[in-house]
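Notes for the one structure printed next.
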Amino acid sequence: MPKMFAQVILPLSLHDAYTYEVPLNMQPAIQPGQRVVVQFGPKKFYAALVVSVSDEKPEGFQAKEIVQLLDESPVVLPQNLGLWRWMASYYCCSLGDIFRAALPPGLKLESKSKIFLTGNDDEQQVSEKEQLIINQLQDISTVEILQKKLGSRFSYPALQKLLNNNVVQVEEKISSKYKPKTEIFVKLHPEVGTEKQLHEKITSLERAKKQKALLLHFSEKTNAFGEKSQKEISKKELFKGTDFNSAHLNELHKKKILKKFEQPVSRILESEQKQVDINLLNKFQEIALAEVKSIFSKKDVALIHGITASGKTEIYIHLIDEALKSGEQVLYLVPEIALTTQIVQRLKNVFGPKVGIYHSRLNNQERVEIWEKVLQFRQNRDKGYQVILGARSSLFMPFSNLGLVIVDEEHENSFKQFDPAPRYNARDMAVVLGIQNKAKVLLGSATPSFESYFNAKTGKYGLVNLDKRHSNIELPEVMIIDLKRVWKRKQMHSVLSHELFELMNTAISKGEQVILFQNRRGYSPYVQCFNCGWIPKCQNCDVSLTYHKYKKRLNCHYCGFSQPVSNECPECGSPDIKTRGFGTEKIEDELKPLFPGARIDRMDLDTTRSKNAFSRIVHNLESRKTDILIGTQMVTKGLDFEHVSVVGILNADNLINFPDFRAHERAYQLISQVSGRAGRKHNRGKVIVQTSQPEHPLIEIIRKQDYQEAFQSQMEERKLFKYPPFYRLIKLVVKHKNPENVNRFANQLATNLRHNSSLIVLGPEFPLVSRIQLWYQKEIWLKVSRKFSPGEVKNFIINNIDTVKHLKDNSSCVVNIDVDPG
Ligand SMILES: Nc1ncnc2c1ncn2[C@@H]1O[C@H](COP(=O)(O)OP(=O)(O)OP(=O)(O)O)[C@@H](O)[C@H]1O
Ligand SMILES: [Zn+2]
């Protein structure tokens, strides 16, 4: 047989593809899209992805052999790779960067991956090779160590099988801290598989009365061998209203009659879903839907500009329904996990088990499972997922027949990944994905991003307007409160102007709810010595530390550094150290005495770290267990609550004054969005915007809620100053631990880039925060004409960076490239 070679992508940032030789025994089975284990460097092993196979021998080097084939069939489809290539070119990164972002951690084994037993091994049939691995894994280990211990008896496919069956788990860096919320469940032990065996066990318990009673109670509750028997029951439910306790259950567990096990609670919600009919559209929604469809007959992309609570989601649901009926798959992207909890409910109500949900808070096992169910759709339309609702990484799901892509709240900044590479915007990539797959793309927002709106205005996308709320209620009334005036008259109640305070009181007394928005989490933005002015700063970054009262610590929001609060100033020794400014945590504290009896909740990064925290907070507001919700921008994103009547924006100043060309766009979007949470179903809502600059032109636009004016005024400025959408922005960040190196490198790079007269080069300059995690950084901004293709731009930039890297002492500088920075 002739030799065969495979081009593979490794999860590394270096180059795009590497060539390995395919051993004879793998030749019949190997296909693009499968993963293989390859050796890279003297000792390291990785799961790599095959992109192509050929008999062309690589020139100039001896290709190593592939070690093992991991998958029986492809886990990534050829049509999925088009997006990878496009992204690598547009965002100036390597295919390896995309590989790392695209696959769930459970499909990304490498030598250094930490693995451990989950404890779910007692019921599974395992092969001899799998058993060998289990025997070695009594402690956390790495793939590398396992391989060393087992030598040639080690098998990657066996390890993968154990991962798939959740006997073994890979530790993830990001989510390992957030242990998913689980509950204890009880089922019959697998050895009690028949009714007869159950009877025998019951008889065997003659002397243990309480255990016997518990077993009988269990059998009755779950209808153990009857019709519609329920296999498992939560311990909580089992014990409800009884006097059984854990000791009884533990005994039965030990005797292998009942089996206790833990599982995430969210999974169970799934089986409780009832399916309901799709809502009929109102006449405005009907017209909008017809317009979308008419656009889709001519164009690939449509933008719905529909005010808050106009019912955009209902229109999406109708489109999804049609796509499903014609056998197509649908991707529904949302910017925030908080949103998935509400929308998944609405989708599951109508589409039931066809809907899968995918985001980074799911554990490894769940993510791989969902990945496989999307793949499965290709073979078995009834079993696989046809709709995926998820955050940005669901772009990479292995769709085989994508027909529709929806990007909800398309203006949202969180569609952009900042770090690490690929620094992509999922909204823009959704458009590329759609076009590549001949699927239609629908973007929707009450406050479209100015880029998308520009594309719609200039005819690149179709535009649909929807300007009536479903309930026919007017948009909330927006009142501007001049903080300077209120301060002068001493009419503040903590952070609330008198007007806001009164509105809140009235609302709460009527059983209505209030949302307060503050864009700072923590207790106080900083603490300060009132004697000498000293402010504690992070030792790794040049930012002040944020005070978190609950933990009594000062935290860095950039690197996570944390230290206790000192009682006296290290500079002057004064004990007069006080907090300055307001974060969400402090506001919560200060509101408690102002609204005695009111139930106050908070939604920010700190209160939503655990997996189910979002749904709990959202659910409590939905079921009116919360009167006041305080939150950061998380509360602004498309949440739908029936009884919120008042929204307060505690301080609009820092939104408006943020030094960024997008500040006005963002401030407008944020304030309209959070205002849009009020008065959605019953009566017109009220919004209070507190600011010390009431005369600012943007404030007037916000008061009138005039999107067109906000858009127009910004377009003029952006055209004049060559900003997007007229020019493409690229940010280069040069980093090094030594500021001199950063300066030298950045100056050299900027000088070289300036040789190209068709580029506008700004900087280098230190950004607002010029040191993060001990690394100094300097930025160079490029304004690039749309005439240049992304490929040309990538080559030009990368060549220039390479040239400067080769100069003396420069090789250890790192340069991040951020195309269309957020
Ligand atoms: N045709 C309809 N039939 C029944 N209920 C509807 C209909 N249209 C909208 N609603 C209800 O009105 C509320 C607002 O709709 P939805 O959440 O879809 O608005 P939206 O346009 O997505 O708003 P936002 O931009 O603020 O997220 C929801 O509770 C929804 O169930
Ligand atoms: Zn820091």
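Just so you know, glycine gets a Cβ as well, placed from its N, Cα and C.
Residues annotated as domain 'Helicase ATP-binding' in TrEMBL: 293-466. Residues or ranges marked as domain 'Helicase C-terminal' by TrEMBL: 510-719. Annotated Zn(2+) 1 binding site per TrEMBL: Cys529, Cys532, Cys569, Cys572, in sequence order. Feature annotation from TrEMBL assigns Zn(2+) 2 binding site to Cys538, Cys541, Cys556, Cys559.
The structure, with features from TrEMBL marked on it.
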| residue | record | DSSP class |
| --- | --- | --- |
| Cys529 | Zn(2+) 1 binding site | strand |
| Cys538 | Zn(2+) 2 binding site | coil |
| Cys556 | Zn(2+) 2 binding site | coil |
| Cys569 | Zn(2+) 1 binding site | coil |
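When the binding-site residues Cys538, Cys541, Cys556, Cys559 are compared by Cα distance to Cys569 (Zn(2+) 1 binding site), the shortest distance belongs to Cys538. Note on proximity: of the binding-site residues Cys529, Cys532, Cys572, the one nearest Cys559 (Zn(2+) 2 binding site) is Cys529, by Cα distance.
Among the binding-site residues Cys529, Cys532, Cys538, Cys559, the residues whose Cβ lies under 6 Å from any atom of ligand 2 are, in sequence order, Cys538, Cys559. For the pair Cys556 (Zn(2+) 2 binding site) and Cys529 (Zn(2+) 1 binding site), the C-alpha distance works out to 18 angstrom. Fewest other C-beta atoms within 10 Å: among the binding-site residues Cys532, Cys538, Cys541, Cys559, that description fits Cys532. Ranked by how many other Cβ atoms sit within 10 Å of their Cβ, the binding-site residues Cys529, Cys572 place Cys572 at the bottom. Every protein chain considered, the tally of other Cβ atoms within 10 Å of the Cβ of Cys569 (Zn(2+) 1 binding site) stands at 20.
Cα to Cα, Cys529 (Zn(2+) 1 binding site) and Cys541 (Zn(2+) 2 binding site) are separated by 20 Å. A mean pLDDT of 92 is what the model gives for the domain 'Helicase ATP-binding' (293-466).
Cβ atoms within 8 Å of the centroid of the Cβ atoms of Cys538, Cys541, Cys556, Cys559 (the Zn(2+) 2 site) belong to the same-chain residues Gln539, Asn540, Val543, Leu545, His557, Tyr558, Gly560, Phe561, Ile772, Gln773, site residues excluded. The number of other Cβ atoms within 10 Å of the Cβ belonging to Cys556 (Zn(2+) 2 binding site), over all protein chains shown, comes to 20.
Compute the center of the Cβ atoms of Cys529, Cys532, Cys569, Cys572, which mark the site for Zn(2+) 1; besides them, the chain residues with Cβ within 8 Å of that center are Phe530, Asn531, Gly533, Trp534, Pro570, Glu571, Gly573, Ser574, Asp576, Ile577.
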